[in-house]
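Trainee: Provided herewith is a single structure, encoded as structure tokens, for subsequent inquiry.
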Amino acid sequence: MKLRGLYAITDSQLLAGKFLAYVEAALDGGVTLLQYRDKSSDEARRLREAEKLRELCSRYKTQLIINDDAELAARLGVGVHLGQTDGPLTPARALLGSKAIIGSTCHSQIELAEQAAKEGASYVAFGRFFNSNTKPGAPAATVEMLAQARTRLHLPICVIGGITLENAEPLVAHGADLLAVVHGLFGADSTQEVTRRARAFNALLKI
Ligand SMILES: Cc1ncc(COP(=O)(O)OP(=O)(O)O)c(N)n1
Ligand SMILES: Cc1nc(C(=O)O)sc1CCOP(=O)(O)O
Ligand SMILES: [Mg+2]
């Protein structure tokens, strides 16, 4: 399966009180990957919420990805996204099996992406491309680097960081396959607007 489309990422603060309603609204608009991103250490809540998301994703035929935590991903039988300090890819691939989706944060370094590809990543993520409310301190990346990455890599390329409907088009034009978005999707005022935004992101990717 070619990974291409909207990659919705949850944020526990932004979605407080409307978590499942907003996620379902996004899934209704069309989501290729949904990442459960919760930076708290409340393991019981993380398991409960991830289980609910797995059920929702299975209803909408969307792939669930767990941020940071390969053990939780293995427990649920879903994919994982690992940053440079979240543990190595090779053991995660061994734990999750050959079919699992495993993503790797590569900031703006094509060499990290080439290494991730060798270690079995399913996609590589570059960013941050714009100012991000969610992660203001993430290292910056440029469209020039993205264009170069596109010529050197054969894996799906995910882009992240401050992406909105207004600024995403050049990223698609320079080779992005997956648009990973928190605020630009879930920062909406209503579930209807979340669904509209999801559809509009997919239209940008011609999905
Ligand atoms: C799709 C995607 N890309 C990048 C990240 C960032 O991962 P990481 O650098 O490990 O930072 P945290 O998200 O864990 O704070 C991501 N989560 N998803
Ligand atoms: C989780 C994350 N990682 C980033 C990176 O550059 O690695 S930027 C980011 C936050 C993405 O949220 P928003 O769409 O609200 O900017
Ligand atoms: Mg991480």
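Count begins at 1; order follows the chain as displayed.
Using the three backbone atoms N, Cα and C, a Cβ is placed for every residue, glycine included.
So TrEMBL has the following annotated:
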BINDING   Gln35, Tyr36, Arg37, Asp38, Lys39, Asn67, Thr105, Lys135  4-amino-2-methyl-5-(diphosphooxymethyl)pyrimidine binding site
BINDING   Asp68, Asp86  Mg(2+) binding site
DOMAIN    6-184  domain 'Thiamine phosphate synthase/TenI'
Trainee: Report the largest Cα to Cα distance, in Å and rounded to a whole number, among the residues Gln35, Tyr36, Arg37, Asp38, Lys39, Asn67, Thr105, Lys135 that the record lists as binding 4-amino-2-methyl-5-(diphosphooxymethyl)pyrimidine.
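Mentor: Across Gln35, Tyr36, Arg37, Asp38, Lys39, Asn67, Thr105, Lys135, the two farthest Cα atoms sit 16 Å apart.
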Trainee: Given the binding-site residues Asp38, Asp86, which one's Cβ is surrounded by the fewest other Cβ atoms within 10 Å?
Mentor: Asp86
Trainee: Just to be sure I understand the contacts, which binding-site residues have a Cβ under 6 angstroms from any atom of ligand 2? Candidates are Gln35, Asn67, Asp86, Lys135.
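Mentor: Lys135, in sequence order.
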Trainee: When you measure from each Cβ to the nearest atom of ligand 3, which of the binding-site residues Gln35, Asp38, Lys135 fall under 6 angstroms?
Mentor: none
Trainee: Any idea what DSSP makes of Tyr36 (4-amino-2-methyl-5-(diphosphooxymethyl)pyrimidine binding site), helix, strand or coil?
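Mentor: Note: Tyr36 (4-amino-2-methyl-5-(diphosphooxymethyl)pyrimidine binding site) is in a strand by DSSP.
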Trainee: For Thr105 (4-amino-2-methyl-5-(diphosphooxymethyl)pyrimidine binding site), just count the other CB atoms lying within 10 A of its CB, please.
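Mentor: Here the count is 23.
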Trainee: When you measure from the Cβ of Tyr36 (4-amino-2-methyl-5-(diphosphooxymethyl)pyrimidine binding site), which residues in the chain that are at least 6 apart have a Cβ under 8 Å away?
Mentor: Thr10, Arg46, Glu49, Ala50, Leu53, Leu64, Ile65, Ile66, Asn67
Trainee: Based on Cα distances to Asp86 (Mg(2+) binding site), point out the closest of the binding-site residues Asp38, Thr105, Lys135.
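Mentor: Closest recorded candidate to Asp86 (Mg(2+) binding site) by Cα: Thr105.
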Trainee: Whole-number Å distance between the CA of Arg37 (4-amino-2-methyl-5-(diphosphooxymethyl)pyrimidine binding site) and the CA of Asp68 (Mg(2+) binding site)?
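Mentor: Spelling it out, the Cα of Arg37 (4-amino-2-methyl-5-(diphosphooxymethyl)pyrimidine binding site) and the Cα of Asp68 (Mg(2+) binding site) are 8 Å apart.
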